[in-house]
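Here the structure comes first, spelled out in structure tokens, and everything after it is commentary.
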Amino acid sequence: MIYHDTIVALATPSGAGAIAVIRISGNNAITIASEVFQSVSGKDITKQKSHTLHLGHITDGTKVLDQVLLSIFKGTNSYTGENTIEISCHGSTYIQQQIIQLLLRKGCRMAQAGEFTLRSFLNGKMDLSQAEAVADLISSDNEAAHQIAMQQMRGGFSNEIAKLREELLNFASLIELELDFAEEDVEFADRTQFDDLLNRIEFVLKRLIDSFAVGNVIKNGIPVAIVGEPNVGKSTLLNTLLNEERAIVSEIAGTTRDTIEDELVIGGIGFRFIDTAGIRETKDVVESIGIKKTFEKIEQSQVVVFLFDSSEFKISGLKLKVALEKIKNQFPLKPLIIIGNKSDKLSETEIQNIKTEIPEILLISAKEKLGVEDLKNQLLSFVNTGALRNNQTIVTNTRHYDSLLKALDEIQKVKFGLQTNLPSDLMAIDIKQALYYFGEITGQVTNDELLGNIFANFCIGK
């Protein structure tokens, strides 16, 4: 890929709208824009300052394509670190295409996915983890995911890694110095201080690695499986949570024959609710497939909500307990919320009887929207948001997680070497490898394949 030519792309979502923004970046961005833009003030945009806005027209020869606002960002003062022009035009798809085609004829080429942010990284405007956070910020759809992406984009994660890397690099330099003076048997690196540093690095790495369990589900939404027998109100509960008729609601048992999935933000955390087919013995082939999928979805979920008809507890209480035991035995580590629906039909005596039989039960009425807030609070209780509240770094990226695991392994090798008086030259190998994995996270160590994989996930105009 050539990184020194001038690229163009639509920066706003494709399709018609009130306005669209077309972004140009490269050494010749301002010159190319000046060939198609006529300012109403008559000013030459090649002579204007950075961060200025100009009203004018995009023209193709004598043909006026649109009246636009043109923004100028020069060199290192731009997002990409090179001359950048942003053209705000009317949102007609025809106008967008005409302007982009005109710019292509004038010497631009179409940007590849994520190329504007890639150039920002290559020009030192941000490191690799910050660049990845840009994509996370764009795709964030809840407060927690937004907060994590913003912190990472502002350098919170990068600074932690950079600090660890710098301290380790200082000791690595002293170890290398010892190797240069090996014949004199001199220790430049204080072993006690080195051990303290390794313990500190190990502690931070373990904290970051542990945070991935929370960060990954926050980024992608916490999957919650709603399970139970047919016609106990699973679809009604899902619709109540989502405030819309998302699932099929019918008096006919077994009408939800497949899994239905939707998202809801509770307390700033995204939850993916999966309304599954009911669990029961059946000869219906279609429904049997749905029941099989139910157990697959339970396996994939973080939390299981088991729902039953509390008004039928007298009749089906024993069968209910058997079903609960089956889920508990098959998924012993899954957080389980037991909900008795249709509680508005119960007397006080019946309520007390059910609570005696199942102390952990939460009684609700999905139809009447009673107890739904209690359910939301229980769901939140399963998410460790302490790190969020304390503004600690939370890892959400699988690539970062993998590099952290590898770095931790190397640090533990160095610790073992220190404890067993391993020769400095052998310890130096593990230290260099740990430094490599730190650099892999921030982009100090990269290759074309890695960059290609990362930026291919971006939209074209970013």
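Backbone N, Cα and C define each Cβ position, glycine as well.
For R23, E86, K125, K462, the entry in Swiss-Prot reads (6S)-5-formyl-5,6,7,8-tetrahydrofolate binding site. Under the three-state DSSP scheme, R23 ((6S)-5-formyl-5,6,7,8-tetrahydrofolate binding site) falls in the strand class.
Feature annotation from Swiss-Prot assigns K(+) binding site to N231, S250, I252, T255; the stated evidence is sequence analysis. The DSSP secondary structure for N231 (K(+) binding site) is coil. Its own atom aside, the Cβ of N231 (K(+) binding site) has 20 Cβ atoms within 10 angstroms in the protein chains shown.
Look at Swiss-Prot and you will find 231-236, 250-256, 275-278 tagged as GTP binding site, backed by sequence analysis.
Swiss-Prot lists S235, T256 with the feature Mg(2+) binding site.
Swiss-Prot lists 221-384 with the feature domain 'TrmE-type G'.
A C-beta separation below 8 Å, combined with a sequence spacing of at least six in one chain, links E86 ((6S)-5-formyl-5,6,7,8-tetrahydrofolate binding site) to A11, V21, I22, R23, I24, L70, S71, F73. Among the listed binding-site residues, namely R23, K125, K234, the Cβ with the most fellow Cβ atoms inside 10 Å is that of K234. For the pair formed by N231 (K(+) binding site) and K125 ((6S)-5-formyl-5,6,7,8-tetrahydrofolate binding site), distance between Cα atoms is given as 56 Å, rounded to the nearest Å. Distance between Cα atoms for K234 (GTP binding site) and K125 ((6S)-5-formyl-5,6,7,8-tetrahydrofolate binding site): 50 Å, as a whole number. The CA atom of S235 (Mg(2+) binding site) is located 49 Å away from the CA atom of K125 ((6S)-5-formyl-5,6,7,8-tetrahydrofolate binding site).
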